[in-house]
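> Straight from Swiss-Prot, here's the annotation block:
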- 1-25: signal peptide (SIGNAL)
- 28-50: region 'Disordered' (REGION)
- 34-43: compositional bias 'Basic residues' (COMPBIAS)
- 66-75: disulfide bond (DISULFID)
- 67: N-linked glycosylation site (CARBOHYD)
- 104: N-linked glycosylation site (CARBOHYD)
- 117: N-linked glycosylation site (CARBOHYD)
- 139-179: disulfide bond (DISULFID)
């Protein structure tokens, strides 16, 4: 009996020996691979957030609108700097243009006051000249008037009174010219370069604003569809 079972037992042991490596490989293979990749997964950065499409620097309407102005590059730069310009209609673009001009006038008023008070980096030249300081204070006032005129223009545009808005923007462009004229009469050559640059920028910004407002006065109905 024992002798007859010996071959069977030997065969069973042999089969078991053959099957065990395959069984162990089938059980250990995936976990090993899983642990290997899992270790890297823990150290890997989290999945990147979905990429949000970036709006072009100048939307089609911005470019088309700026083509109607005398200073295309200034117009595109001013409007595209405001994120809302990519979804604004022409009336919205005109409001942005006026706001940019008002910000320029406000900055010029502060710069002129700083030069007059001796707190600006380039104020040393005016420190000992009472006339220049008085002129700078007058310039600060004129740029302040320009800022207020442009703020009034924006209010008029909100009421869709584009004719009055045009008057205010035109006034905003003219106030700084008084500053330059005062310097030419009383201190030729002493007009600060910073104010000269700001005056030129404000003049161009006001021109852009006026050109865009003109689009509203020429065909207001077509520009109120998105309001």
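Keep in mind that glycine also has a Cβ here, set from the backbone N, Cα and C atoms.
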> Would you mind reading off the Cα separation of residue 104 (N-linked glycosylation site) from residue 139 (disulfide bond), to the nearest angstrom?
14
> Using a 10 Å cut-off on Cβ-Cβ distances across all protein chains shown, tell me which of the glycosylation sites (67, 104, 117) has the largest neighbour count.
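Output for this query is 104.
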> Taking just the CA atoms, what is the gap between residue 179 (disulfide bond) and residue 67 (N-linked glycosylation site) in Å?
31
> In sequence order, which residues at least six apart in the same chain have a CB under 8 Å from the CB of residue 139 (disulfide bond)?
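108, 112, 116, 176, 179, 182, 195 - these are the non-local Cβ neighbours of residue 139 (disulfide bond), listed in sequence order.
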> To the nearest whole angstrom, what is the C-alpha distance linking residue 67 (N-linked glycosylation site) and residue 75 (disulfide bond)?
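Between the alpha carbons of residue 67 (N-linked glycosylation site) and residue 75 (disulfide bond) there are 9 Å.
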> Enumerate same-chain residues with a sequence separation of six or more from residue 75 (disulfide bond) and a Cβ-Cβ distance below 8 A; give 'none' if the list is empty.
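Sequence-distant Cβ neighbours: 62, 65, 66, 69, 97, 208, 211, 212.
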> Which of the three DSSP states, helix, strand or coil, fits residue 75 (disulfide bond)?
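In the DSSP reduction, residue 75 (disulfide bond) maps to helix.
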> I'd like the Cβ neighbour count for residue 179 (disulfide bond), meaning other Cβ atoms within 10 Å of its Cβ, all protein chains included.
26
> What is the Cβ neighbour count of residue 66 (disulfide bond) at a 10 Å cut-off, with all protein chains included?
24
